[in-house]
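Structure record follows, encoded as structure tokens.
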């Protein structure tokens with residue numbers, strides 16, 4: 001009998017479903033010149049609400065011995081996102097950014113599971129942080145070229161305290177495979193990662209439909 005590791009199960013079942021969605025069009029347009037600066041601002045605004053929920057859950061789960069294996073201050077993104085929005089929108093950004101309906105659903109799911117179920121916390125933590133860490137360097141470079149940014153505005157993708165992202169991701173995945181969850185719990189975690197990818201895709205799809213006007217409201 002072949003034993004499939006948790007990370008193999010995640011790779012085989014979760015990511016292909018997310019990548020098959022039409023919402024990829026939003027990110028493709030953003031980095032190939034068909035999107036505009038306001039589209040990027042809209043994306044960062046939605047990241048703010050999602051990361052605020054995840055990092056609040058991180059504080060609540062920090063004492064859990066399983067969750068603690070994955071928590072690192074080097075991953076913290078919220079201060080960088082806040083600085084990005086200050087640069088991109090202005091000092092009044094908190095008054096003008098608004099969550100999309102899809103973002104609200106994503107945040108509600110994080111709040112529902114990530115503070116009370118360690119597997120749910122790890123599922124959402126893995127989805128967000130490893131996704132942005134794995135692809136962040138390339139995405140940052142494309143955004144800098146597209147919009148003329150230096151480091152301001154792309155702080156979300158600057159993991160300055162992680163010198164070797166690949167090694168960090170590899171260590172993280174090894175830790176996932178070492179958690180002593182039984183088959184049923186592993187299946188629940190994989191299902192929640194799939195759910196997190198779907199929620200992320202829903203945000204991209206709504207951004208694509210509404211462009212940059214939906215998440216920003218000015219007086």
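Yeah, the Cβs are placed from backbone N, Cα and C, and that goes for glycine too.
Cross-referencing 60, 77, 173 with the heme b binding residues that TrEMBL gives (11, 126) picks out 173. Cβ-based crowding with a 10 Å cutoff singles out 126 as the top-ranked of the binding-site residues 11, 126, 173.
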